[in-house]
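S.K.: A single structure is presented below for examination.
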Amino acid sequence: MDATSKPAGKCPVMHGGNTVSGKSVTEWWPNALNLDILHQHDTKTNPLGTSFNYREALKTLDVEALKADLRALMTDSQEWWPADWGSYVGMMARVTWHAAGSYRVTDGRGGANTGNQRFAPLNSWPDNVNTDKGRRLLWPIKKKYGNKISWADLIALAGTIAYDVAGLKTFGFAFGREDIWAPEKDTYWGDEKEWLAPSDGRYGDVSKPETLENPLAAVQMGLIYVNPEGVNGKSDPLATAAQMRETFARMGMDDEETVALTAGGHTIGKSHGNGSAANLSPDPEAAGPEYQGLGWINTKGRGIGRDTVVSGIEGAWTSEPTKWDNGFFDMLFKHEWTLTHSPAGASQWAPITIAEEDKPVDVEDASIRTIPMMTDADMALKVDPIYREISLKFKDDQDHFSDVFARAWFKLTHRDMGPKSRYVGPDVPAEDLIWQDPIPAGSTSYDVAAVKAKIAASGLSVADLVSTAWDSARTFRGSDKRGGANGARIRLAPQKDWEGNEPARLSRVLSVLEPIARETGASIADVIVLAGNYGVEQAAKAAGFDIAVPFAAGRGDASAEQTDADSFAPLEPLADGFRNWVKKDYVVSPEELLLDRAQLLGLTAPELTVLIGGLRVIGANYGGAAHGVFTDKPGALTTDFFTTLTDMAYSWVPTGNNLYEIRDRKTGAARYSATRVDLVIGSNSILRAYAEVYAQDDNREKFARDFIAAWTKVMNADRFDLI
């Protein structure tokens, strides 16, 4: 407002819309089940509409022209944000690193697969200072190619091209990442209320990195991985090394990859801390409209070039920071280092003595030499015995270092894309990599009817068939596109021994289904799903509905050699509300664990509801438990679960931890037993609304058809070949 503006008055209309302030429903009732994570990324938020197909749009992309434009960008310094040494390679590598580096293997969330760096909280993390400038530099290219290139793909490609321009022979690149259009609500980044709060709150014992809270992979709120100044900002390279090992492992990286990514990430570019962070404007989410989505603008000085402030650490790591070489290891091992501070006050390491020719030149004036630096994470590579051995090997063999880094960079930027079948473009590497969870192509030429006939004659119960198929498919994670029924890894270690898969029952069922696969030429993966489908069809028929469950042949069977057993450990279910099972008591409630699994499976709240009701009456509970089986006709796909839950003839009485009885209000007699997961379908107002739909007399067939549709969605969740 200008100086003549009147004082703000009360608006007679705006109180009707909660656009800025006021408590949300979840703030008023913080213990209520928050179903928002199932409703995010709705088609209503996507401006491209439901008919847009990104994979089809990619077919029209001129990839070579795009790469040429990106190469030109790397040396096209802009006055509003000048390039260090006339090159943006370091900046673009950082933008990509900080997008991909948020991935964690525990739940598959984070990473570069969605373009989430454009939105809160990542766009405003302290560790992402000035990535907003990098994305703004990319905007003219995004504008030019439009819908043919997603932001997610462009951000991932930018860093890859940066390394190419710097001189690295990169391993390859795949397109296929689709953009989201709003912040992710499902990702838990920690419960701290302030940026860079001490690490102690997310560790059982901060001196024991393995006690970092799951599923987190970063040591502090707002960081990508470790604090470059040391644990809680206190320099101790050995302690930092221990945190690095755990953090990178939670990103899916081993020690060699950790060293390669750390050193390779610091071979080009520099850190910026030549000034005071107090002079910076708020982050993008907090900045005023005049900043137009940018943040961290220096309000009291140039704030660009040599005066830029980002992490607060100041300096380059190598003598030639725009060139891919072995300069990082040469610098690290050639000198002795002493702890010092940057102009911004950040802890960093400086060489005790250094020859003038080994110093990097100033980013603006090549006649000026500057002092290089190392972070605590860099020094960790020198002092940790394992990291040191790897580092020295890299130092003495640049070709080996370059190859390991190129592969690790490819893994970093593609780990959350899922299997190779999702890769698009001319630069997809031919080599199959174990972390891609390779699956051989399956047959589609066998007689499906003959397989079903053998399943029907197998003597296996409907509950056995349905439970085994569900257990095989439920491992799918929409976050990083891992898991699922394709590959039939449920028959391999470690899945065959997971408690949640009921190993004894699973072994018995597989001993019947595997011979059927061999006899018919079908994959065991297909037979498992087809058996589940047959079970659902029989349950529907028992309820009076003759409905065929859709089936698409073509799943393959992965081998033990194609399966990294250790990497599948994070996919083990610790609870499955759909089968009414929890491994043990957790701080998180069973219904919250159910919600998390439903979100990873890509289910909506109505689909969650219909699957719970159907699986209960079919009798698919873990161990054959009776909890939630609100029917006198188990094995039939009836609406009995919902009619019982909504019947006021019953009361619900707690009988133990996570256990309840449903009792007749008049006689007090116990009718059924239930868990919290069962009762939340009737207690949560949103889920109850869906339950009432299925309890209606006119929706019995609708329930059966909706259940089959949701079931098929889960069975086909990993069938990217059908897209």
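Note that Cβ sites are derived from N, Cα and C of the backbone, with glycine treated the same way.
According to Swiss-Prot, the protein carries these features:
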type	residues	note
SITE	R94	site 'Transition state stabilizer'
ACT_SITE	H98	active site, proton acceptor
BINDING	H266	heme b binding site
S.K.: Compile a sequence-ordered list of residues in the same chain as R94 (site 'Transition state stabilizer'), six or more apart from it, whose Cβ lies below 8 A from its Cβ; state 'none' when nothing qualifies.
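M.R.: Within the chain, R94 (site 'Transition state stabilizer') has Cβ neighbours under 8 Å at T131, G134, G159, G265, G269.
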S.K.: How many whole Å apart are the CA atoms of H98 (active site, proton acceptor) and H266 (heme b binding site)?
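M.R.: One finds 13 Å between the Cα atoms of these residues.
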S.K.: Over all shown protein chains, what is the count of other CB atoms within 10 A of the CB belonging to the residue listed as 'active site, proton acceptor'?
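M.R.: I get 24 for this one.
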S.K.: Test of understanding: give the count of other CB atoms lying within 10 angstroms of the CB of H266 (heme b binding site).
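M.R.: Here the count is 27.
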